[in-house]
Amino acid sequence: MEDVLRIGGVGVDVLAATYGTPLYIYDQHAIEERMEDYRRYFHSDVLHCEVLYASKAFCIQEMMRLAKRHDLSLDVVSGGELYTALAAGVDPKRIYFHGNNKSPREIEEALQAGVGTLIVDNVMEGECLCAQMSQRTGEVHVLLRVNPGVTAHTHEYIVTAHDDSKFGISIHEQEAIVRLIERFSQTAGIVFDGFHAHIGSQIFEREAFETEIAILGRFLAELQHTYGIEAHSLDVGGGFAVRYTDADAPIPLPQLCQTITAACERQKQLHGLALERILIEPGRSIVAQAGLTLYTVGFQKQTAHRHYLFVDGGMSDNIRPALYQAAYACDVANRMNDPKTVRTCVAGKCCESGDVLIEEVMLPPCQAGDLLAVYTTGAYGFSMASHYNRLPRPAVVFIKDGQARCVVRRESYADLLRGEDVET
Ligand SMILES: *Cc1c(COP(=O)(O)O)cnc(C)c1O
């Protein structure tokens, strides 16, 4: 191996010199390959299959363009994400609009733009939508978000009858659901397609999805056989795990897709469901592993128990360690062959004791000016970045065929002042 880490054939030292640090670096080929893999493996002979990229994981115009090029639909959760998708030229019919508290303005923007599908999250939203649609022409498809009482996060999932999640209507509130669907059917312009559920994030267990789909299958059967309500579409959400460190062993994508399609086919057959179409919404698992963050090493210090290595970013460009105790792997990217002899704590430069990117990792001895690469930061890194401590947001570069392209320029100090036009 060379001493300097390369991404898509380009040395990270060259990228640091050209674009500065901190820097989000994406292997574009890896993103596109992942999109193609989802399209290839999420397939059924019985059901029509559709893949939505959950854009909140990493929402910039260039990502939207890649999703479009690879024939993925998009899931957006706000007027801002919708605006980004439309600006990138995405067909509004391929956009699915989520969110538990869409504002009247956001709903209006979505209808105005001709967004294909709204995912209605609660009864109040459903009633507002009916009222809004009765005032206008046009058509919108609707999926109703239900809560199957399965919540999954990393290595655990639980099944409960009483779910206090802020998202979706509990499947146990059958009467409210039936009443709302009746309202939909009485409202011109609303086409009720079926249901949506999303059980969590960074899920490693196939059984979690099998359980979710079995519960949803029984729920669909009851609605169909008791109330004559036919759901033609079922969106089972995202949350598919990725590998952050060697401790993570995500379900390989072919098996994951097969688990979901087989479980849905089985429910259709078992209950004689009217189901025709299934959807999934991967976010993290499309972009996380294609991205890394490159930092420059600054000062170091030795305490009684720790060797600290400080980098020129931190929780402002990656909040996940502070927010979820998320674990990451890293390397000193210009010393790839040096023996890793120093037990190191990698900390950021923000004014918070919790601004630690990696609690403990073995690294080679290094010095100021070295480059540190933190892997698998492609999802929920840039998209959750903040201006905390007035740090300008880093640039984003995409690498493909040995060529680097800046897709988001580094913010300047002047950018930080934008909008501060004080009223007099
Ligand atoms: C966040 C979210 C996703 C994507 O989750 P990932 O963990 O990034 O795959 C999909 N659907 C809904 C409704 C979500 O809220």
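Residue positions begin at 1 at the first shown residue.
Glycine too: its Cβ is placed from the backbone N, Cα and C atoms.
Note that TrEMBL annotation is computational and uncurated.
Per TrEMBL, these features apply:
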BINDING   Gly239, Glu281, Pro282, Gly283, Arg284, Tyr380  pyridoxal 5'-phosphate binding site
BINDING   Arg284, Arg320, Tyr324, Glu352, Tyr380  substrate binding site
DOMAIN    24-378  domain 'Orn/DAP/Arg decarboxylase 2 C-terminal'
DOMAIN    30-288  domain 'Orn/DAP/Arg decarboxylase 2 N-terminal'
MOD_RES   Lys56  N6-(pyridoxal phosphate)lysine
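Per-site Cβ counts within 10 Å over the binding-site residues Gly239, Pro282, Gly283 peak at Pro282. Among the recorded positions Lys56, Arg320, Tyr324, Glu352, the residue whose Cα lies closest in space to that of Gly239 (pyridoxal 5'-phosphate binding site) is Lys56.
For the domain 'Orn/DAP/Arg decarboxylase 2 N-terminal' (30-288), the model's average pLDDT works out to 96. In the vicinity of ligand 1, defined as a Cβ distance under 6 Å, the following of the binding-site residues Gly239, Glu281, Pro282, Gly283, Tyr380 are placed: Gly239, Glu281, Pro282, Gly283. When other Cβ atoms within 10 Å of the Cβ of Glu281 (pyridoxal 5'-phosphate binding site) are tallied across all protein chains shown, the result is 27. Checking each of the recorded positions Lys56, Tyr324, Glu352 against Arg284 (pyridoxal 5'-phosphate binding site) by C-alpha distance, the shortest gap belongs to Lys56. For the binding-site residues Tyr324, Tyr380, the ranking by surrounding Cβ atoms (within 10 Å, all protein chains) places Tyr380 first.
Pairwise Cα distances among Arg284, Arg320, Tyr324, Glu352, Tyr380, the recorded substrate-binding residues, top out at 26 Å. Counted over all residue pairs in Gly239, Glu281, Pro282, Gly283, Arg284, Tyr380, the record's binders of pyridoxal 5'-phosphate, the longest Cα to Cα distance measures 15 angstrom. For the recorded site, Glu352 (substrate binding site), the DSSP three-state label reads coil. When the recorded positions Lys56, Arg320, Tyr324, Glu352 are ranked by how far their Cα is from the Cα of Pro282 (pyridoxal 5'-phosphate binding site), Lys56 comes first.
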